[in-house]
Amino acid sequence: MLNFSDISYAERGMVATINSNRLKDKGVGQYQNAYNYKNQNFEDLRASCLKMGELFEDPFFPAEPQSIGFKELGPKSQEVHNVYWQRPKDIIHNPQFITNDFSPTDICQGILGDCWLLAAIGSLTTSPKLLFRVVPRSQSFKKNYAGIFHFQLWQFGHWLNVVVDDRLPTKNNKLVFVHASHRQEFWGALLEKAYAKLNGSYEALTGGSTMEGLEDFTGGMAQCIRLQNPPHNLLRLLRKALEKSSLMGCSIEVTNSDDVEKMAHNMLVKGHAYAITGLQDVYYRDKLETLIRIQNPWGRIEWNGAWSDKAKEWEEVMPEVQMQLLHKKEDGEFWMSYEDFMSNFTLLEICNLTPDALSSWDYKSCWHTTFFEGSWRRGSTAGGCRNYPETFWSNPQFRISLPETDDPEDSSDKSEMVCTCLVALMQKNWRHAREGPQLLTIGFVVFSVWYVQFQNLQDIHLKKDFFMKYRDHGFSEIFTNTREVNSHLRLPPGEYVIIPSTFEPHKDADFLLRVFTEKHSETWLLDEVNMLEQLQEETITDADLDQNSVELFETLANRDSQVDMYDLQKLLNKMSSKVKSFKSKGFSLDVCRRMVNLMDKDDSGKLGLHEFHILWKKIKKWMEIFKECDQDRSGNLNSYEMRLAIEKAGIRMNNRVTEVVVARYADANMIVDFDNFINCFLRLKAMFAFFLSMDTKKTGSICLNINQWLHITMWG
């Protein structure tokens, strides 16, 4: 019996994509119906362990060196020397999963450089509703304990249920990585382990932004604001973000690697991720002072300036305010003035939440959200940025309609009628490739277009001439080598096209494009519909027959005046060699078989004289299309030209089909000769013909049994 492992990687990818899309259509991947990561079902695994009287051991993230790291934390590293994996019950008496008095200061950083992740976790603890979406609180080390725990994490548009065992790396009976400020609590360490499993290893978590962690814990969209040049309404944005239960982080960026996690005289750490946990106005010296509360994920080392724990400013505020806000202990959490915040920090990150993460009373503050998964594939859909006009048009394209303006900040202000639109482009799975490829430089361009330009363009992939004509309409061109690139846009109502791309062409990657708007909007993929155009069939009369070709046909034909695919190959190669204006290496036997299939009307497997001449007429037309699309007159097509040539010949393909076609018929340099062009075109034409002949009710779908499927795919 054929196993899934017998299928090629490319075929597995196609099957996986189809199955994934089917599950997505059923709602799998939403928070309420998360995917089981690695197909591991928590309830089933726990029940099995309880029945067998065993503690769970995760085969997909084993208690072995490769789960810890591969380079700085690799098996030969001193950092992991004498590291042992232990379960909490073996580390301490009466371990607790989570206690009721959790706070941002519960979680402390270990030897791993993932302060960005801890800052995100710290922000998460300020909202129990969000925390318990990620950390199901019904778990414990007592009732139904089987050494297995699970967490809900968001990855690239989908929620995943990630299972881990509770074996944790320790040294001298102490946790090596994340640990609680009081040793009995283990939810933070196990959450870090689940996140490490999702990304391949603990070391894969080294270096990142708080924004990344916030998004993966909430499914929200993060904004990045440079505080050297802040928006004029930044304080209002901060207040609004806290009102919406948004999660926030801040940091002091460094330009010199030697300054990373270097402490300034005021005890702020450069290149270190902090969480913003509150905002408060207090009366100080007869005026209102805005304070901002910040938390250091280390659980220690606090700001020592104005409004710090021991600062004299607290002596001049009301005692009840002191009691409410001031906690004099070394817990990593501190207050500072808004002015000092702006003077010291350089980067602010805000994670805007999706509707499902908000309470019902927050409905008015919900964003309208849309997301698309896509890919860039070398030779087909990886066209690069606008610096490469010959291929830029081949990138995936998305149309957005913004018909409704935001509510004005002041009901009396009608001067600025705009639509707030957050656009974010994320590249997938880059942490999994830490030992190989790194982050690509990605970005997007937004084109403003008139509605009239889009009439009758619902299902058409815009071509090069469109972008050359409307080149000046493109804006918001941002390219960086980060996991995500985003932009906070305030646009007039209208129609727009978003083009996500890598900076350079021919770079393979998968991406997620998300659009958040304050008001109703419509966003969809702008792509071709797979379609075979009904072109007029060629006919031929006796007067059209060329005497030389007739004689050549008769010398190769059998006694019935017909040629099979072997004779057809000889015939076509002789005739094409006489076409001096056309360069060809000859026709392969596979192409000749497809031609016989296309033209054979009586199922004889052979062609008669008239059938052959109609075929030759078609071939000459295909030669003209090939030459027309061969812009550099090289005698071959590049893969982008092939797509245009196939369209001119009567077949429109969407991006997914184009990616498969290029992978199958282009060579290593993305070049397609005439034989492969014809082979591809005839295969597509045959598959369309099979499908349309069986889809008698024009439903767009057919049902086949295994015999029919094999017959069509093997003969097509």
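Any Cβ shown, glycine's included, is placed from N, Cα and C.
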Message: If I go by Swiss-Prot, the feature region 'Linker' sits on one of 225-240, 305-320, 529-544. Which?
response: 529-544
- line: Across ASP600, ASP602, ASP630, GLU641, listed as binding-site residues, the smallest other-CB tally within 10 A is for ASP602
Task: Determine which residues of this chain, when ASP600, ASP602, SER604, LYS606, GLU611 are set aside, have a Cβ within 8 Å of the centroid of the Ca(2+) 1 site's Cβ atoms, and list them as they appear in the sequence.
output: GLN562, VAL596, MET599, LYS601, ASP603, GLY605, LEU607, GLY608
- request: Work out how many Å separate ASN296 (active site) and CYS115 (active site) at their Cα atoms, rounded off.
  value: 9
- prompt: If the Ca(2+) 2 site is taken as the center of the Cβ atoms of ASP630, ASP632, SER634, ASN636, GLU641, which further residues of that chain fall within 8 Å of it by their Cβ?
  reply: CYS629, GLN631, ARG633, GLY635, LEU637, ASN638, ILE671
- request: Fill in the CA-CA distance, SER604 (Ca(2+) 1 binding site) to SER634 (Ca(2+) 2 binding site), as an integer in Å.
  value: 38
Task: Sort out for me which one of ASN296, SER604, SER634, ASN636 has the most neighbouring CB atoms within 10 A, since those are the recorded positions we care about.
output: ASN296
- prompt: Which one is it: of the recorded positions HIS272, ASP600, ASP602, LYS606, whose Cα lies the shortest distance from the Cα of GLU641 (Ca(2+) 2 binding site)?
  reply: ASP600
- prompt: So which one is it: of the binding-site residues GLU611, ASP632, which has the fewest other Cβ atoms within 10 Å?
  reply: ASP632
- prompt: Name the residues of the same chain, 6+ apart in sequence, whose Cβ is under 8 Å from the Cβ of CYS115 (active site)?
  reply: GLN109, GLU261, HIS272, ALA273, PRO297, TRP298
